[in-house]
């Protein structure tokens, strides 16, 4: 009997202390997503008439109080205590990470519940972006946001690669038609993208085609501008050449006009004998001053010859006279005195 009583007493003591510790304190870890709302639910707790006051605190700072069915204290609008005692935190940010504690009291002010929560926040993953190249037979899966996530790549429903990094690069064996799915997930979120790739062996990559088209357009614009520039330069050069030819023509004409002597109309040449035609070859040259005798004509005496020559010589025109006066004065012929008639007859 004594041994049985001792065993029973030991069992009751162990159960009492263990149950008391479980009710009094629990450290619960909760993961939340940034920019989302979260509820801190009290496990195995149900509101009753005996519970009068519920207080929530973060660290040593009281943030909310619920008493007699209504909110009596609220640090800011981010925190709210629901009717079942749950704490709701709106639009989570990094400052909301930490340890939260809840205490429940009955009408006598006795603490009937005490729980502790540790809140950790994670960034939600973004939707994966899948890109590929038919030329290089490569496929890339990439995410831009997320913490503590895992990236997985599936080919025709079968997982072929996974990585904790933000990028997965997969080298395909051929350009056959294939279905790919990329999934990114962490504890608080999950996103996925799917694509069906159709590449032919002799096909061109869309980026290569776009590059060729863009290069052709740039080349066409360059050639058009070059042709326009060349035609414009040709027009300017032809116009300049025409102007130079016109200036040269005016210059030549003005020089030719300056070289020609100023002739006065009605003037006679200085040497009338030079303008006369040469005598026929049958005529022999005669001595100067000898004139052919006409039959039946009597030669005049020397005095009469001089007078006769002076009468036959035409009077110089004003233009010729002016032209002759420019040079040195010409010698004037001597006029022999007429011999008396008696002397001529006696001789």
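Easy rule for this one: first residue shown is 1, then count along the chain.
Glycine too: its Cβ is placed from the backbone N, Cα and C atoms.
Some features that Swiss-Prot has for this protein:
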type     : residues : note
DISULFID : 134-199  : disulfide bond
DISULFID : 141-182  : disulfide bond
DOMAIN   : 124-199  : domain 'Ig-like C2-type'
REPEAT   : 283-289  : repeat '1'
REPEAT   : 290-296  : repeat '2'
REPEAT   : 297-303  : repeat '3'
TOPO_DOM : 231-347  : topological domain 'Cytoplasmic'
TRANSMEM : 206-230  : transmembrane segment
Cβ atoms near residue 182 (disulfide bond) (within 10 Å, other residues, all chains): 25
Secondary structure content of the domain 'Ig-like C2-type' (124-199), with strand meaning DSSP E or B: 0 helix, 43 strand, 33 coil
Alpha-carbon spacing, residue 134 (disulfide bond) to residue 141 (disulfide bond), which is rounded to whole Å: 15
Site with most surrounding Cβ atoms, counting all protein chains shown within 10 Å, from the disulfide-bonded residues 134, 141, 199: 141
Per-region confidence, the topological domain 'Cytoplasmic' (231-347) (mean pLDDT, whole number): 59
Distance [Cα-Cα, Å, rounded] between residue 199 (disulfide bond) and residue 141 (disulfide bond): 18
